[in-house]
Each structure stands twice: as structure tokens, then as C-alpha cells.
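Visitor: Dropping a structure here in C-alpha cells format, bear with me for questions.
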């Protein structure tokens, strides 16, 4: 949570906060929401710190400004890093949560955490997601004591949002740079480009790292439409459903479960339960996750 660990003295006076995100569009890596807050009396000084929309700054300048604001005792900041697996899981679950709602919840969470810490927020500036007025009304209903300003391109209009933009962008860049791939395949490599769907290097990486059964590495937001074109040749696996069990109990013939071996996918045969549970001869996907065969439930 960045500097939201200890309440500075100035935070008990009226404060402003800016909120922005980084990584909303990419098919790879996390989406990061960042906030920056300071005393309202510090607002004029804030405008002199050369903060700008992070997209207009070179990486070296963003890193420099981020390090400066981290040591500035008149500024507080925080981030919410949303894992690509969480993004996909929420967007594909039975009761789907779309990207706008995920974004709103992240921003709301940052405001709530600052308030819980004791920061006296009186004004919050937000780079909009969706309709600005509807978003403002939503936030105002949740936090009626705070004045919200929600606008398009807020990161280029308000220095406090520009600072939040830098916090979010640098945090995401570092997360990608330091990302440790969970998968253990020998041909894994990190030359994935910018992570945006239109990047040729990203496209090549996705094509190289797709798996016919297990899909993509956990770095990938597999709920993105970009991934659909890479899934055409995937092995089709049909799982036995609860409905089949019900059909059987009612005396009706149940649908046959399609096994991997029935559709041309073969592996090392299990010689014994001991060998199976030890992980020998099994796909690295299972070995890496220490999954074991259960003969009894």
C-alpha cells in the first residue's frame, strides 16, 4: 500500500487525492490503480513538481519522479495491483464483473483505505472510467462527505492525478520487469514486448506460449478477446457434469465423458498410484503445483 502505513501530521488537515490506473488495455500483466494524496495547502507546491501524464514521460523520467515523491514527506501514495488471473476470473465467473466495475472497486478501495487510516480527504480527483457524471454520482453516494471531480484525461488536468498516474505506471512497469513466470516449460522466454494486443512482439509471444490443454501462462489475461484467436486449435475437453449424475439417478442414459485419450491426447500411463502421486511421468503443470492423485474422497 505504499506510504499508507503511518499517518503524517498534515493528513489530519483537509487533504486532496488523485486516482489513476495503468495497464487497463494490455493482454499481459496486472492492472494497477494508484493514488497520491497531500494536504490541500500543498496543492500549489504540487503543481511545481513536474508531474505530468505518465504516458507523456519517458521511462527514466517517470522513475526519477517516482523516487522523488517517495521521499517527499508532504505526499502520501498507495497502489492496488490487480493480478491478471484475478481480472480474468472476475470477468469469466458465472456472475461476471466487468472491467469498469473492477476499476471502480479498486478506486473505491483506495479511498476507503486512506479514510480508514485517518486521512481527512475532502476532495478526490479521478480519471474517469465510463461516463464521468455517473461515476461521480456513484462515488458521492458512497462517500457523501467528499467532493469528487471525475473527468476524462484528468491525469493531464490535475497535478495530483498526474502524480497518481506516475505511481501506477512505474509500479506496473516494475511488476512486469520483475515478473517471475510460474510455469516450468523449458521454452519459456520473457520477450513479450509491451503487452498490448497490437504489439507484434506480444502477438508472437502469445503464439509461442499457448498450450493446447492448459492455455496460457498466468501472466496472460485469458479473458481478453485477443486470446480467442489463439484457442482455435486447443484440445476440446468435456467434463462430466452434475446434470449427468442426475440423469443417471433418474434412470436416463447419461452423456459419456470425453476423455483426453479419446481425442488424441496421450501421456505416460500410470503404473501405480505411488508413481502417480509422486509426480513422475506427469505434466509439469501438475508437478509445479504439487497436485496429487486422490483415490478416495
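Just so it is clear, glycine is given a Cβ too, placed from its N, Cα and C backbone atoms.
When I checked TrEMBL for this same protein, it listed these features:
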type: DOMAIN; residues: 14-236; note: domain 'RNase H type-2'
type: BINDING; residues: 20, 21, 127; note: divalent metal cation binding site
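I would like each feature placed in context: is it buried or exposed, what are its neighbours, and how far apart are things?
Guide: Neighbour list (residue 127 (divalent metal cation binding site), Cβ cut-off 8 Å, at least 6 residues apart, same chain): 19, 20, 21, 151, 152, 153, 154, 155, 161, 164, 165.
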Visitor: Out of 20, 21, which of these binding-site residues shows the lowest number of other CB atoms within 10 Å of its CB?
Guide: 21
